[in-house]
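Peer 1: Supplied in C-alpha cells, the structure appears directly below.
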Amino acid sequence: MSSPVKHIDPAFHGVGQKPGTEIWRIENCQPVPLPKSDYGKFYMGDSYIVLQTKTGKGGSNLYDIHFWIGKDTSQDEAGTAAIKAIELDAVLGGRAVQHRELQGYESDKFLSYFKPCIIPLEGGIASGFKKPEEEEFETWLYVCGGKRVVKLRQVPFARTSLNHDDVFILDTQNKIYQFNGANSNIQERAKALEVIQFLKEKYHDGTCDFAIIDDGKLGAESDEFWALFGGFAPLGKKVTSEDDDIPDTTAQVYSVTDVELKPIEGELSKGLLETRKCYLLDCGAEVFVWVGRATQLEERKAASQVAEDFVRSENREQTARIICVIQGHEPYSFKSNFDSWPPVGSTAPSIEEGRGKVAAFLKKQGVGAAKGMSKSTPVNVEVPPLLEGGGKLEVWCINDNVKKPIPKDDIGKFYSGDCYIVLYTYPSGEKKEDYYLCCWIGKDSIEEDRKMAYMLANTFFNSLKGRPVQGRVFEGKEPPQFIALFQPMVVLKGGLSTGYKKSIADKGLTDETYTADSFALFRISGADMHNNKVVQVDAVTTLLNSTECFLLQSENAIFLWQGNQSTNEQKQLASKIAAFLKPGVPVKNSREGKESNSFWLALGGKRSYTSEKASFGSARDPHLFTFSFKKGKFEVEEVYNFSQDDLLTEDIMILDTHEEVFVWVGQYVDVLDKESAFELGQKYIDRATSLDGLSPNVPLYKVTDGNEPSFFTTFFSWNHSRATMQGNSYQKKMALLFGASLALMLGGGPAAEETRTYKGYQGGLTQRASALAALTSAFNSPPTKSTPSAQDPSRGNQSGPTQRAAALAALTSALNPAAEPKTSPPKPLIRQGSQRAEALAALSSAFNSSSESKVSSSKPIYRQASQRSAAIAALASVLTAEKKSPDVSPNKYAASPLSITSPPSDTKSEVDLSEAEDPEEVAKTNEEDSEPKEEIEKDEDASSDTIN
C-alpha cells in the first residue's frame, strides 16, 4: 500500500463551498490562485486548474475539475497540473469529474464557462508577460466554429486561410470584419457576431467599426476587406489537418494493473468494472479513466499517468481529451458507451451514500475532505408554474376509433382501460389565447386506442396551426400542470371503451370497471392543487397508510378513514371526492384507531399496514441535449450550462428534467422532421431509461418555437421578447446585438433564409463566388503596354468602362435577386431567366467591345482575352446550373429519416476556370437555358454590408 497524502495543499483550503468558478495557475510547480480579474485569460505557455462548482437539486454540490494545458507549456507544469487536479479531487471528497483540456481542443463543457469564447494569449509565467504599454496592436485572423460554444482558432493572416465553408473574423486596429463563407453554417455566423461584440468591448474600448462580408457579394466594404488580402481572388478548398480528423473508434475497455493496460474482451457492461480497480475506456476523441470507490489516491494518480502514456503511444496526445470519473458519479458521456447502465439500487450506492463512503475511505488514507463536504443542503420541493386559470377545458374519450366528448359533470374521471384527449384553452398576455393539448394513456388501455388518440391529437394540433403545447401523459406519471386542470382528478379501475371490454373478454379476465354501486377503496395522498390526484386501489387493509386518508365505498355508505399522520387538507379533499363520486350520500368519518366493526368488516378484517410516508424519488437537475444519427444509431450530446440562446430555431432540442421530457422544435426545422418530434422523444426516453434510470412512462411534450409554456421556460432565464423575434439564428442574433434595423439592412426574410438548407443551392453559392472572383480578376487586370493605335480614343473604347459597369450591375442583380424587397411575391422563373440572359449579353458586349478597336496582338492582350473567356465560362456555369439540377428537397440530405435539416457545412462546389468555353457559345447556351419553367425558383437572400 502506498503512503497516503496527509496534508492539503494550502491553495486548496476552503474550496468548493460556493457555486461558481475557481482557477489556479501552475507557477514553479505549485498551484497559485488566479485573481478573478484574470479569469478567462489563458497564456499559451502556462497550465491552469479550473474548478467548477454547481449546487444540484438534490442539495449537494457537484464538481468538475479541468486542467488546461497551453501549447507552449513545459512538461513539468503540465504534469503538475494533472497531479494537483487529483489532489484537489481528494479534497472535495473524491467525487469530482476530472478533464484534461488541451489548447485548441477544449471540451464544450469547459468552453461553456467562458462565453462567448477564450482567446489564448502569447507568453507565460516562465517566459514573461508583455505589459499593456509594451503591446502593439497586431492584426489577427480567426476561424470561428461551433453552434453553441465558440471554438476560436487563430490562422495565418493570408487569403489562403479563407475558404467557402467557414466563418472568419479579421480583427484590425480600426475595424473588425466577419467573413461568411458561402457554405458556412448560419448558426456559426450568429455565434461569430458574439465574438465580434466581445472583441470590440475587450480590445477596442467599444469604439471600433465592424462590417459583415458575405462570400461572393461585391460592395464598398468587401473591396476594403479584400484589399487587406491583396485583392479579390478565387478561394481554395478547405484544408483539414490530420489532428482535426479523428477516426471513429469502437469503444475498448482496459484494466489498469501495475501501471499496465490489459484489454478486456466482450461486450461493454457495468458488471466489468470492479470497485477496487481502475479502468481505461478508449472512445477515440475521449479517453475515460474510471476509478473504483475503493482505490487509493496513489493508484488514481498512476491510472491518470497511464492514460497520458496511452494517448501518447496512439499519437493522440495533442487531440484526445482525458476524463477521469469516480464510481457512482459517471456522466452521461461515459455511460452512453454502454448498451445499458443499471440504475442505482440495492447493490449500488445512492449519491449521498456513495459520497460518504468515498470521503470515509479517503479519510482513512489521511486525506481530509473540505469542511462541510459531508453535509447536504435540505431539499426544497419546487412546484413548476401551472397554467393560467379561467380557461376552457374539454375532454374526449377514445371509443370505436372516434373521440366522444365527456359530459361536464364527469370531467376529472379517468379509467385505466381508456385513452383521453384533453384540450385546455386559456388566456395569454401577448396572444389572444394559448393551448394545452394532451393525451392521457391509461395503463390498461389497448394499443389501438392509444394510436387513435395520438392521431386525433395531431389533427387537433394541425387545426390550431401548430400552436398548442402537445403532450403524452401516462397513468401514474401525471405532471403538476395536468393534475391542476382537474379539481378533482380521480383514476378509476377498468374502462368504458368497446376495445377494452373486448380485450378483457378475450383474455378471460373479470371486468372490474368502477360504477357508483361498486365496492371500492380510494387513496388520498397529496392535497395541493398540483398533486391532489386520487387513485382507486385494491380494497385490502394492507394498503392503508397512517400518513394518508382513504375513502371506502360500499353498497350503502362511504367511510372516510383518516390516518393519524394525515393532514386536515387531505380530509377536506376526501370529502370533496366523496361528493364527486356519489353526490348526496352521507360520509361516515373513521379516525385511525377508532374504526367501527362495520369498517373492518367491509375491508375483510383488520390487518397490519404501514405508517411510512411514500417516497417519490430524489430531485434531478435538468439537462439539454442535441441529437444526431451516427451509422443509424441515435446519439445525443449534452449542451452544458444551457440558456435560451441554445434553442436555435433551425434545430430540434431535447430537455430532460427527469420528471418530464420536452422536445423543442425550432421554427425553421424541416416539416417532416417536425412531424417526427414524438418519435425522436421516444427514442431518447428508451435510451435514457437504460442508461440513466428514466421512467419509460415519463410525460413527453412537444413544444414549438415561439409557443413555449411557463412550465418549460421556468428552466431558463427566459426573455419573452427574444422568444417572439422573427428570423433565423443569424438574423435574431444580429437584431439582438445591434438592433432590428441593422438586421433588415442585411437583407432577407425568413422565407429566403430557408433556402439555405438546400445543399445544391449551397454549392451554387460557391460557384457564384468563384465566378465573381474570376470576373473581377478579368476586369481589373493590370494595364498592359500597347501600341499607340490601341491608345487612341475611339467610341468603342470610351464606352468600355460604362459598358463594364452596366454589365457588373446587371450581373449583380441577376445573381442576387433576393436582395430586392420581400413585400412582393417571388418572381417567376421566366423573369429571372430573362434577367440572366440580359446580364450575359451585357457582359459579352462589355468584354468584346475593345476587340472592335484596332489593337496590336501583343501577348498581354491575348492573356486578357483568355481571362475574360474563362470568366464568362464560369459565369455561364453558374447561371445555367439551377436549371440542369433536379429539384432538391432538404430531407433527402438528412443523415436519417428523423435527423434535422440544418444548414450543411460539408458541401463543396468549385468552378474550374481552366475549362473555359468560347464566349459566344456560352452566351448562346445561356439564352437557351433561360426558357420559362413551370416552377418558381428560390434564391439566396442578400445579407451583408457595413455595420458601424
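Glycine residues also receive a Cβ, built from the backbone N, Cα and C atoms like all the rest.
What TrEMBL shows for this protein is this:
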type     : residues : note
COMPBIAS : 778-802  : compositional bias 'Polar residues'
COMPBIAS : 928-948  : compositional bias 'Acidic residues'
DOMAIN   : 31-111   : domain 'Gelsolin-like'
DOMAIN   : 152-226  : domain 'Gelsolin-like'
DOMAIN   : 263-334  : domain 'Gelsolin-like'
DOMAIN   : 403-483  : domain 'Gelsolin-like'
DOMAIN   : 531-600  : domain 'Gelsolin-like'
DOMAIN   : 634-710  : domain 'Gelsolin-like'
REGION   : 778-804  : region 'Disordered'
REGION   : 881-948  : region 'Disordered'
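Tell me about the surroundings of these features in the structure.
Peer 2: In this model, the domain 'Gelsolin-like' (31-111) carries an average pLDDT of 92.
Under DSSP, residues within the domain 'Gelsolin-like' (403-483) fall into helix, strand and coil as 24 helix, 30 strand, 27 coil.
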Peer 1: Please identify the stretch among 31-111, 263-334, 531-600, 634-710 with the greatest number of Cβ pairs below 8 Å relative to the domain 'Gelsolin-like' (403-483).
Peer 2: 634-710
Peer 1: Which one, 263-334, 531-600, 634-710, has the most C-beta pairs under 8 Å toward the domain 'Gelsolin-like' (31-111)?
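Peer 2: Per the Cβ under 8 Å count, 263-334.
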